[in-house]
Amino acid sequence: MALANVSSVKEFILLGLTQQPELQLPLFFLFLGIYVVSVMGNLGLIVLIVLNPHLHTPMYYFLFNLSFTDLCYSSAITPRMLVGFVKQNIISHAECLTQLFFFAFFVIDECYILTAMAYDRYAAICKPLLYQVTMSHQVCLLMTMGVYVMGFAGALSHIVCMLRLTFCDGNIINNYVCDVHPLLKLSCSSTSINELVLFIVVGVNITVPSLTLFVSYTLILSNILSIHSGEGRSKAFSTCGSHVIAVSFFFGAAAFMYLKPSSASVDEDKVSTIFYTILGPMLNPFIYSIRNKDVHIALKKTLKKKILT
């Protein structure tokens, strides 16, 4: 069977977050502000990590990739969302699939980057004497390559399956982003293969990271509880606290979005998507830097150099 798309629909209309006219302008400025903060926060963290040699460690290497991923997938979604607040948001079939590809690619990347960061914390707390070997430059590079390969494979599988669908009459997507669920609802051909692929991709990319995170943090907690010094326990907990918050926020919203009953409302889809695609990228730089002494020192050094020059 050929995969070529023979749809009569060549463009879609994204309805956006809400259809209430009185909310369009306030929401435009709200999400514009969130996007600006997200871009500045993630770019700032990327620049700090690049410019400060004492941040060139496995932990900050993965944080660099997390900030890069957050920056990319919020940029793949938010600008198009903002358009919908000021005019009718028309997107071509090709643009829609392109947005879906990058959306899926970077979301899956984030799953595995957070997982890699958990493994890094496990190595640092449970095997400190072997940390330099366990998290060598080669290991970090291979883990990062694995992250992006998984993202590419998952995103490509969705696009290949989407290309086999036919869209006959309906072209209105009741969402602000081209996502799998809204597109499947518009198709006038069988979506059984797409639903199976969606189940497999989402199942693998939530189950594997979740199990890895659970095992890593079970071992970390066990190790921390065996520490007799209160100061030692506090220091160990502080190195994991930010990551636990970020993981809970991201995986909680993603699991609610993709593993909920099919009877759930469209509004629930939109709200849950906002949490991990727009709010998450904005909050992550603050979660990882507010109580981080290394980042504070790097920021002071960078600002001091800027002032002196």
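Cβ atoms are placed via backbone N, Cα and C, with glycine included.
Annotated in TrEMBL:
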TRANSMEM  27-51  transmembrane segment
DOMAIN    41-288  domain 'G-protein coupled receptors family 1 profile'
TRANSMEM  58-77  transmembrane segment
TRANSMEM  97-119  transmembrane segment
TRANSMEM  139-160  transmembrane segment
TRANSMEM  196-224  transmembrane segment
TRANSMEM  236-259  transmembrane segment
TRANSMEM  271-290  transmembrane segment
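Non-local neighbours of the transmembrane segment (97-119) in the same chain are 59, 62-63, 65-66, 69-70, 72-73, 76-77, 80, 91, 143-144, 146-148, 150-152, 154-156, 158-159, 162-163, 177-180, 183, 201, 205-206, 208-209, 212-213, 216-217, 243, 246-247, 250-251, 254, 276-277; each lies 6+ residues outside the stretch with a CB under 8 Å from one of its CB atoms. Beyond its flanks by at least six residues, the transmembrane segment (196-224) meets 108, 111-112, 114-115, 118-119, 121-122, 125-126, 150, 154, 157-158, 161, 180, 184, 233, 236-237, 240, 244, 247, 251, 254-255, 258-259 of its own chain at Cβ-Cβ distances under 8 Å.
Remote same-chain residues near the transmembrane segment (58-77) are listed as 35, 38-39, 42-43, 45-46, 49-50, 99, 102-103, 105-107, 109-110, 113-114, 116-117, 120-121, 124, 135, 140, 144, 147, 176-177, 277-278, 280-282, 284-285, 288, 294 (criterion: CB distance under 8 Å, separation of at least six residues from the stretch ends). For the transmembrane segment (139-160), the residues of the chain that approach it from at least six positions outside its boundaries are 3, 58, 61-62, 65, 97, 100-109, 111-113, 116, 119, 180, 194, 197-198, 201, 204-205, judged by C-beta separation under 8 angstroms. In the predicted model, the domain 'G-protein coupled receptors family 1 profile' (41-288) shows an average pLDDT of 87.
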